[in-house]
Amino acid sequence: KPQLVASNERFCRFLEEYCPVVTETYYPTIWCWEGRVQTLLRPFITSRPQVQYRNELIRTADGGQISLDWFDNNDSLYYPDASTRPTVLLLPGLTGTSKESYILHMIHQSETLGYRCVVFNNRGIAGEDLLTPRTYCAANTEDLEAVIHHIHSLHPSAPFVAAGVSMGGMLLLNYLGKSGRDTPLMAAAIFSAGWNVFESVESLEKPLNWLLFNYYLTTCLQSSISRHRQMLEKLFDMDLVMKARTVREFDKQFTSVMFGYRTIDDYYEDASPCRKLKSVGIPVLCLNSMDDVFSPGHAIPVETAKQNANVALVLTSCGGHIGFLEGIWPRKCTYMDRVFKQFVQAVFEHGNQIFNV
């Protein structure tokens with residue numbers, strides 16, 4: 001059974017009644033139960049539901065642009081009135097976009113419940129041009145704040161929640177820690193967030209993890225900015241950035257410099273959500289696996305979570321990073337998908353029982 005960490009008894013009872021999946025025994029797929037195997041295989045095993053998006057480009061205060069992919073769900077039987085149709089904002093991982101299979105599955109789950117979804121694509125990675133020499137990072141929440149304000153201004157009467165995966169979860173937690181109760185979001189769900197960036201990069205630099213994940217992730221980061229090389233060369237030595245062989249080297253040469261940090265340690269400290277968890281002011285459910293090499297179990301802030309009545313952690317012993325595969329042939333629904341669906345539905349339909357906890 002997963003470990004449910006929550007100091008607030010009312011929040012616990014709410015989850016047990018309306019999100020019972022968090023109390024069920026999680027049985028990982030028996031032939032790929034190990035965390036690294038789950039992490040590697042999930043993108044290849046899980047199906048990719050068909051989703052038709054409506055794209056919107058919004059401008060930012062600094063002259064940049066952000067690409068939003070909308071799934072309006074205009075055929076919603078449960079919420080035919082678009083002005084009050086519940087809205088779910090989805091934040092993909094580090095180099096992820098609205099095309100990721102885990103995002104498509106969340107939209108598929110939301111569609112069956114009648115909800116509208118919006119995917120927040122970080123600057124420059126969803127095919128749109130960079131208008132300024134700036135991308136994104138886990139610590140800077142300005143773009144996310146602009147997106148949340150924009151969505152809320154379009155549908156001020158619609159119930160509104162957000163779900164973040166991996167770095168998207170870190171960004172969402174950092175935003176919530178900064179905003180406290182001052183947010184239009186009712187609640188949030190976080191999946192496979194890296195809680196302490198120092199511990200995450202150290203884990204990813206172990207020889208096998210570097211071979212399986214770190215080098216590939218670094219090349220993905222480099223690929224995401226290479227298309228914008230002409231714009232970024234105004235500020236960076238791009239040849240040096242392209243020589244990085246680890247995420248830490250990339251962040252040292254690029255990310256920390258772009259966002260004005262004196263050292264990479266300053267950036268990693270600011271990007272670590274464990275430092276801001278005590279300030280979260282709305283109900284948040286966080287799912288992590290203890291065998292996630294991107295977010296080591298020993299770095300999950302269990303004691304800090306117990307000090308905030310708005311926070312609940314669900315910790316599984318297996319599942320890897322955005323894995324959580326279950327069943328003999330886990331093509332469709334993962335344990336993570338079920339947690340997402342039940343929690344979001346619980347908030348929209350019974351959330352008045354946990355607000356202002």
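Including glycine, each Cβ sits where the backbone N, Cα and C put it.
These features come from TrEMBL:
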type	residues	note
ACT_SITE	SER166	active site, charge relay system
ACT_SITE	ASP292	active site, charge relay system
ACT_SITE	HIS321	active site, charge relay system
DOMAIN	86-327	domain 'AB hydrolase-1'
Key: Around the Cβ of HIS321 (active site, charge relay system), the count of other Cβ atoms that are within 10 Å   = 25
Note = On the domain 'AB hydrolase-1' (86-327), the mean of the pLDDT values is 97
Inquiry  = Quick check for the class: what is the C-alpha distance, in angstrom and rounded, between HIS321 (active site, charge relay system) and ASP292 (active site, charge relay system)?
reply    = 5
Message = To the nearest Å, how far is the Cα of SER166 (active site, charge relay system) from the Cα of ASP292 (active site, charge relay system)?
response = 11
Task = Measure the Cβ-based neighbour count of ASP292 (active site, charge relay system), defined as the other Cβ atoms within 10 Å of its Cβ.
result = 28
